[in-house]
Structures are given as structure tokens and as C-alpha cells.
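**Q** Got these off Swiss-Prot a minute ago, pasting:
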type	residues	note
DOMAIN	2-109	domain 'Thioredoxin'
DISULFID	34-37	disulfide bond
MOD_RES	113	phosphoserine
DOMAIN	115-285	domain 'PITH'
């Protein structure tokens, strides 16, 4: 939907989020008479037309007091970001440039822009929950680094000295993992034998990865690493995951180096919201914000 859609009452809020599906939903919490809210309104409206792949909603904290309380709104304007009805981020204040940067950040490599029909109902692409600053990759080449495999484009991650890679992926809140996508080329350089570890207390090296018992070991086929491939995980073992360490031991064709075109995880957040990011301070009617 192009344009900002006002949410008229509390019962309307969840249906609007449901309608957004896996697309990014940007919700502006505003209040009548709030100067900063009025100042950023034209820019917010402009962004809704500039980024039609996202859904833009506006909630008045007095008209929808229950929604404001549930989402712990303590000041206006506050912008909350949702995907699959799950809150994934927030932005506070009337800085239009900062808000647009946040929107672009979430739309970059947007898993919601192309609906993944192979993702089971009730699960979602967890790319928005990956904390890129907390990720690490050992034995990546200088020319083809780790960031490349987090994007759906022609770039790729390639190993450097040999065929092995050791990747640590951090999440910004605990998640449950159902499966993963692990895409590679069909020239023999795609990954084959892979060990998956979760929630390691510290980084491991290649020697430790070789000798340690994984949470799950994978033997990927050429079909698994195609674009439409899904690699199932043992769901009961991946119920409260803060980080994943992926040890790629070998590739499909015993090639000198390994390439990964793209990977992501499918699952759900443990909680619908990351409450550590928010203080429960709800303004009363008539208070200044």
C-alpha cells in the first residue's frame, strides 16, 4: 500500500500488521499537538511513497491507548518496525534522515520483498534478526568476504587458504531455528560437509571445530544448495539460539576453495518483542512528550 494508513482504534492494529505479512511495517506513534510529530509528518508521508514495498501506519497514542501501552511508548514520535507481526526495531525522534536510514537498513536485502512460498506458515526469514556487527568469518578471502553471502546478488563468500570456513552468526535476540538456506554454485565449490554449533561461550578455531561434537552435522547435496533448496534442522535442538557457528569442512567437488552465494535461517523469535530494548513508561493523557 502506498501512503500512510491511520489506525483508528486498538482492535484495528493487529489486523493491519497481519495484512503486512512478511513485508516491513513502519508504525509511527504520534499525538495531536506534538510539534516534532507534525514536523516529521511530510517526510514520513514522502517515505511511504518512496518505499512502496513497505507498509506505513500511523497510531495516535490517545486514540489507541491500549496499543501504545502494549508497545511501551514513552515519547512521540516513536517509530516501531515490524515484520510478521514481530517487532524488530525502533527509532525515536523527528530526525527524518535518521529514520530513512533505518528504513533503508531494513529494506536492504529485504526477505519480504519476494514472498518465499517455500517458508512454512508460522515461520519467517530471520535475516532481519542477524546482528552483522557480531558476526565473524575465519579464512575468508580479501576479495570475497563474509558480507557478500548475506545479500541476494551476484557476489559470494569464498574461502582463502583452503576449502574450509568457520562462520559465527550472532542474533540480536534469541530465536528458534527451523531450517536454513545454504546456496552455492554448481561448479563443485559449494559447501558439502558442515557442522553446526550453537551458543558457544567463546570463539572456536579450526582445530576445535574439527574435534568437537556439533549440535547438528550436515551433508549437503547439490540440490540442497540450489536457490530453492531448504536444509532442515533438528528443531528441538535449536529452541533458544543466540549465536550459530558454522564449520564448513569441505565442498562438493574437492575444489581448492569453497564458495557460498547466500545463506539465511528460517524460524521465529523466542519472544514477540525484545523487551530489553524498551522501558515500560507510558505517558498519560495530557502529559507532555
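Each residue, glycine too, has its Cβ placed from N, Cα and C.
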**Q** Could you tell me how many residues in the domain 'Thioredoxin' (2-109) are helical, how many are strand and how many are coil under DSSP?
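**A** Each residue of the domain 'Thioredoxin' (2-109) counted once, the result is 45 helix, 29 strand, 34 coil.
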**Q** Around residue 34 (disulfide bond), how many other CB atoms lie within 10 A of its CB?
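**A** Residue 34 (disulfide bond): 20 neighbouring Cβ atoms within 10 Å.
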**Q** Run through the Cβ atoms and count how many others sit within 10 Å of the one on residue 37 (disulfide bond).
**A** 22
